[in-house]
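**Q** Below are the structure tokens for one structure; questions will follow.
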Amino acid sequence: MSELTVGINGFGRIGRLVLRACLEKGLKVVAINDPFIDLNYMVYMFKYDSTHGRYSGEVKAEDGKLVVDGNEISVFQCMKPSEIPWGDAGALYVVESTGVFLSIDKASAHIQGGAKRVVVSAPSPDAPMFVMGVNEDKYDPSSMTIVSNASCTTNCLAPLAKVIHDNFGIVEGLMTTVHAYTATQKTVDGPSAKAWRDGRGAHQNIIPASTGAAKAVGKVIPELNGKLTGMAFRVPVSDVSVVDLTCRLAKPATYAEIKEAMRKASEGPMAGILGYTEDEVVSSDFIGDSHSSIFDAGAGISLNDNFVKLISWYDNEYGYSNRVADLLSHMYTKEN
């Protein structure tokens with residue numbers, strides 16, 4: 001059985017944190033491609049992180065490779081995915097984290113370079129979508145070469161929705177994510193062709209925005225298809241976001257019963273994916289939290305036994321990157 005070896009295309013926020021997560025989990029990253037970042041700059045960007053702090057291990061450039069804690073990683077600067085020599089570098093699985101090559105057709109170019117499978121670290125218009133802890137058992141290695149790890153918000157919402165739906169049934173629901181700003185936003189007011197207010201200064205405003213995260217839950221939990229939708233507020237924090245799911249339950253439940261269902265799930269089948277807290281926490285308390293979703297028992301409210309508002313936190317960078325690594329491991333295990 002060949003070893004799981006990983007390549008990363010795109011060394012931005014998610015690419016760098018996927019590397020951190022893979023190293024922490026013992027996965028072997030053998031190659032990184034980014035046409036806009038040379039080797040010495042990769043060393044600098046990986047070593048220093050304004051949000052997650054300085055990398056604690058050793059990072060250096062040596063013989064044309066990125067070396068992290070003794071692990072040698074080949075570095076490429078190819079513009080076209082089809083030209084990246086994944087096969088020569090020994091990368092069987094590729095994480096597509098540029099945010100550009102999202103469709104099966106575009107992401108398949110990595111296969112031409114010698115990769116065997118591709119995980120897209122964003123929602124895809126047509127690739128099968130997986131959320132760890134929710135529907136990863138549906139992964140079929142015989143027919144799925146390109147898959148999507150969904151979005152960070154779907155990874156937070158889906159475990160929450162699954163526990164509620166499995167225990168009490170969701171009739172319908174609306175989600176709001178209060179979301180940290182990201183690299184697609186502007187530091188000061190600037191042009192935005194699609195949605196004008198997306199171009200407003202990220203540090204100065206609360207910006208209403210669209211998100212497909214709630215609707216995407218219907219793709220990973222088919223019984224909820226058409227029952228959830230949502231929107232986002234982009235707010236002036238650099239990391240950690242929070243989901244507010246307001247829903248109508250099919251089966252009446254007290255808020256205490258909901259808390260107990262969430263606690264049990266967090267300690268049982270969803271351990272490591274779903275967290276649970278009764279502490280008086282705020283967003284920065286979750287920087288570096290590897291869970292997909294941390295249920296805040298003290299923040300939720302119920303109007304009555306059928307209508308509730310549930311709150312769950314997530315490190316939209318680090319939690320998500322850990323799930324990318326977990327999905328790689330899961331796919332490899334299913335294949336072998």
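Glycine residues also receive a Cβ, built from the backbone N, Cα and C atoms like all the rest.
All TrEMBL annotations are machine predictions without curation.
According to TrEMBL:
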type	residues	note
ACT_SITE	CYS152	active site, nucleophile
BINDING	ARG13, ILE14, ASP34, SER121, ASN316	NAD(+) binding site
BINDING	SER151, CYS152, THR153, THR182, THR211, GLY212, ARG234	D-glyceraldehyde 3-phosphate binding site
DOMAIN	4-152	domain 'Glyceraldehyde 3-phosphate dehydrogenase NAD(P) binding'
SITE	HIS179	site 'Activates thiol group during catalysis'
**Q** Could you measure between THR153 (D-glyceraldehyde 3-phosphate binding site) and ASN316 (NAD(+) binding site) for me? Cα positions, answer in whole angstrom.
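**A** Answer for this pair: 7 Å between alpha carbons.
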**Q** Just to confirm my parser: what is the rounded mean pLDDT across the domain 'Glyceraldehyde 3-phosphate dehydrogenase NAD(P) binding' (4-152)?
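**A** Summing pLDDT over the domain 'Glyceraldehyde 3-phosphate dehydrogenase NAD(P) binding' (4-152) and dividing by its length gives 97.
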**Q** Are any of ARG13, ILE14, ASP34, CYS152 (the recorded positions) within 10 Å of THR182 (D-glyceraldehyde 3-phosphate binding site) when you go C-alpha to C-alpha, and if so which?
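**A** The recorded positions passing the 10 Å Cα test are ARG13.
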**Q** Give me the DSSP three-state residue breakdown of the domain 'Glyceraldehyde 3-phosphate dehydrogenase NAD(P) binding' (4-152), ordered helix, strand, coil.
**A** 41 helix, 37 strand, 71 coil
**Q** Per the record, NAD(+) is bound by ARG13, ILE14, ASP34, SER121, ASN316: how many Å separate the farthest pair of Cα atoms?
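**A** This binding site's residues have a maximal Cα-Cα distance of 22 Å.
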**Q** Which whole-number value in Å describes the distance between the Cα atoms of ASP34 (NAD(+) binding site) and SER151 (D-glyceraldehyde 3-phosphate binding site)?
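**A** About 21 Å separates the two Cα atoms.
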**Q** Please report the distance from the Cα of SER151 (D-glyceraldehyde 3-phosphate binding site) to the Cα of HIS179 (site 'Activates thiol group during catalysis'), rounded to the nearest angstrom.
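**A** Pair distance, Cα basis, whole Å: 12 Å.
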**Q** Near the residue listed as 'active site, nucleophile', which binding-site residues out of ARG13, SER121, GLY212, ARG234, ASN316 have their CA within 10 Å?
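**A** Cα within 10 Å of the residue listed as 'active site, nucleophile': SER121, ASN316.
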**Q** Quick check for you: of the recorded positions ILE14, SER121, HIS179, ASN316, which have their Cα within 10 Å of the Cα of ARG234 (D-glyceraldehyde 3-phosphate binding site)?
**A** HIS179
